[in-house]
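Each remark here refers to the structure printed beneath this line.
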Amino acid sequence: MRIILLGAPGAGKGTQAQFIMEQYGIPQISTGDMLRAAVKAGTPLGLEAKKVMDAGQLVSDDLIIGLVKERIAQEDCVKGFLLDGFPRTIPQADAMAANGISIDHVIEIDVPDEEIVKRMSGRRVHPGSGRVYHVVFNPPKVEGKDDVTGEDLAIRPDDEESTVRKRLAIYHEQTKPLVEYYGKVAAAGQTQYNKFDGTQSVAAVSEQLASVLK
């Protein structure tokens, strides 16, 4: 079972990825993890990627595709894999297809932008312990204070509303077109495409996913 998970940052992909991995015994493949592992192992592709990154440049799609092919040929991918954060663009999706990397299921978790902003910009963290709160969904007993120590809570830079909106804008510009792309691939009978409402409870989304991934 070869799966691509699409959705904006904060849509809940990580939670559902965990469910899919546990339920179906397939690994989650993240391009970041893959790059780090290849560089550490000193593989030919890893050495090439290190050279590019050391020069402060972006790793090319061809190099990433090479790493993906290398990774999915490993033993733990025999039953399939879950691609996380890749492809991000249509050229990357085209390159995957050109390299014979077929996908069985494309899953989109759809959450409106304003809901994502509410979810992410409402997070508060206690820097000392890493305890996480949410002003709406899991508020501290005293506003702005950690329940245990009474110390001030902070907003992580990634959760600042302006940062969240920037990340959403990049998603809509680069990755959202993949929804239409894979819709066409599915219409041609080459994959299955399913969209889920990510504003539902985690359990409801997992249940619907399981019914599609039988």
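Cβ atoms here come from the backbone N, Cα and C positions, even for glycine.
According to Swiss-Prot, the features are:
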type    : residues                                                                             : note
BINDING : Gly10, Ala11, Gly12, Lys13, Gly14, Thr15, Arg123, Val132, Tyr133, Gln200             : ATP binding site
REGION  : 30-59                                                                                : region 'NMP'
BINDING : Thr31, Arg36, Gln57, Leu58, Val59, Gly85, Phe86, Pro87, Arg88, Gln92, Arg156, Arg167 : AMP binding site
REGION  : 122-159                                                                              : region 'LID'
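Sequence features annotated in Swiss-Prot and their locations in the structure.
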{"residue": "Gly12", "record": "ATP binding site", "DSSP (3 states)": "coil"}
{"residue": "Thr31", "record": "AMP binding site", "DSSP (3 states)": "helix"}
{"residue": "Gln57", "record": "AMP binding site", "DSSP (3 states)": "coil"}
{"residue": "Phe86", "record": "AMP binding site", "DSSP (3 states)": "coil"}
{"residue": "Arg123", "record": "ATP binding site", "DSSP (3 states)": "strand"}
{"residue": "Tyr133", "record": "ATP binding site", "DSSP (3 states)": "strand"}
{"residue": "Arg156", "record": "AMP binding site", "DSSP (3 states)": "coil"}
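Note on the binding-site residues Gly10, Gly12: the fewest other CB atoms within 10 A surround the CB of Gly12. Distance from the CA of Arg156 (AMP binding site) to the CA of Tyr133 (ATP binding site) is 12 Å. There are 20 other CB atoms within 10 A of the CB of Phe86 (AMP binding site), with all protein chains counted. For the pair formed by Val59 (AMP binding site) and Arg123 (ATP binding site), distance between Cα atoms is given as 32 Å, rounded to the nearest Å. Here the C-alpha separation of Arg88 (AMP binding site) and Gly10 (ATP binding site) works out to 16 Å. Taking the binding-site residues Thr31, Gln57 in turn, the residue surrounded by the fewest other Cβ atoms inside 10 Å of its Cβ turns out to be Gln57.
Using Cα positions, the member of the binding-site residues Thr31, Gln57, Phe86, Arg156 nearest to Arg123 (ATP binding site) is identified as Arg156. Taken together, the residues of the region 'NMP' (30-59) have an average pLDDT of 87. Each residue contributes its Cα atom, and for Gly10 (ATP binding site) and Thr31 (AMP binding site) those atoms are 18 Å apart. Around the Cβ of Gly14 (ATP binding site), a 10 Å sphere holds 14 further Cβ atoms from the protein chains shown. In this structure, the CA atom of Gly12 (ATP binding site) is 18 Å away from the CA atom of Arg156 (AMP binding site).
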